[in-house]
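Copied from Swiss-Prot, the annotated features are:
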- 23-47: disulfide bond (DISULFID)
- 26-34: disulfide bond (DISULFID)
- 41-65: disulfide bond (DISULFID)
- 71-90: disulfide bond (DISULFID)
- 91-96: disulfide bond (DISULFID)
- 23-97: domain 'UPAR/Ly6' (DOMAIN)
- 97: GPI-anchor amidated asparagine (LIPID)
- 1-19: signal peptide (SIGNAL)
């Protein structure tokens, strides 16, 4: 009986498996922070963070969705009159290009511990 709960538990604890992917979006900026907003990506798109560099000036970044075929590419881009070399670094997963959330790992661990405790309790009751 306990094994019947396992698939349900996996579905509840596995976020981002619905096929819908949101990514963080922010315009090109020379700021070190890019909190951005959420945007919905297409089926053939991945989240990305673009890092741009140019001699004698600070770096630029942008974030959003991009076709998977554009991942890892480097291209020239003009920002504030300066030509930067912008590299697109992609990731897969819901909001994976956002800033790391230090509480996310602790919350997932607490949820997994609680679920395991419930399963063990059910095993002894049944």
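We number each residue from 1, going along the chain as drawn.
Placement of Cβ uses the backbone N, Cα and C atoms for every residue, glycine included.
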**Request:** Work out, from DSSP, the number of helix, strand and coil residues along the domain 'UPAR/Ly6' (23-97).
**Result:** 3 helix, 44 strand, 28 coil
**Message:** Rank aside, I only need the closest one: which of the recorded positions 23, 90, 91, 96, 97 has its C-alpha nearest to that of residue 65 (disulfide bond)?
**Reply:** 23
**Request:** Sort out for me which one of 23, 90 has the most neighbouring CB atoms within 10 A, since those are the disulfide-bonded residues we care about.
**Result:** 23
**Request:** Rank the disulfide-bonded residues 34, 41, 47, 65, 91 by the number of other Cβ atoms within 10 Å of each Cβ and report the first-ranked residue.
**Result:** 47
**Request:** Name the one residue among 23, 34, 91 whose Cα is closest in three-dimensional space to that of residue 41 (disulfide bond); these are the disulfide-bonded residues.
**Result:** 23
**Asked** When you measure from the Cβ of residue 97 (GPI-anchor amidated asparagine), how many other Cβ atoms are you left with inside 10 Å?
**Response** 22
**Fill in**
Rounded Cα distance, in Å, between residue 96 (disulfide bond) and residue 34 (disulfide bond) is 14
**Prompt:** What mean pLDDT does the predicted model reach across the domain 'UPAR/Ly6' (23-97)?
**Reply:** 94
**Candidate nearest residue 23 (disulfide bond) in space, where candidates are the recorded positions 71, 91, 97 and distance is Cα-Cα** = 97
**Request:** Report the nearest neighbour of residue 34 (disulfide bond) in space among the recorded positions 47, 71, 90, 97, comparing Cα positions.
**Result:** 97
**Prompt:** Quick one: which of these recorded positions, 26, 91, 97, have their CA within 10 A of residue 71 (disulfide bond)?
**Reply:** 91
**Request:** Mind giving me a neighbour count for residue 71 (disulfide bond)? Other Cβ atoms within 10 Å of its Cβ, every protein chain shown.
**Result:** 17
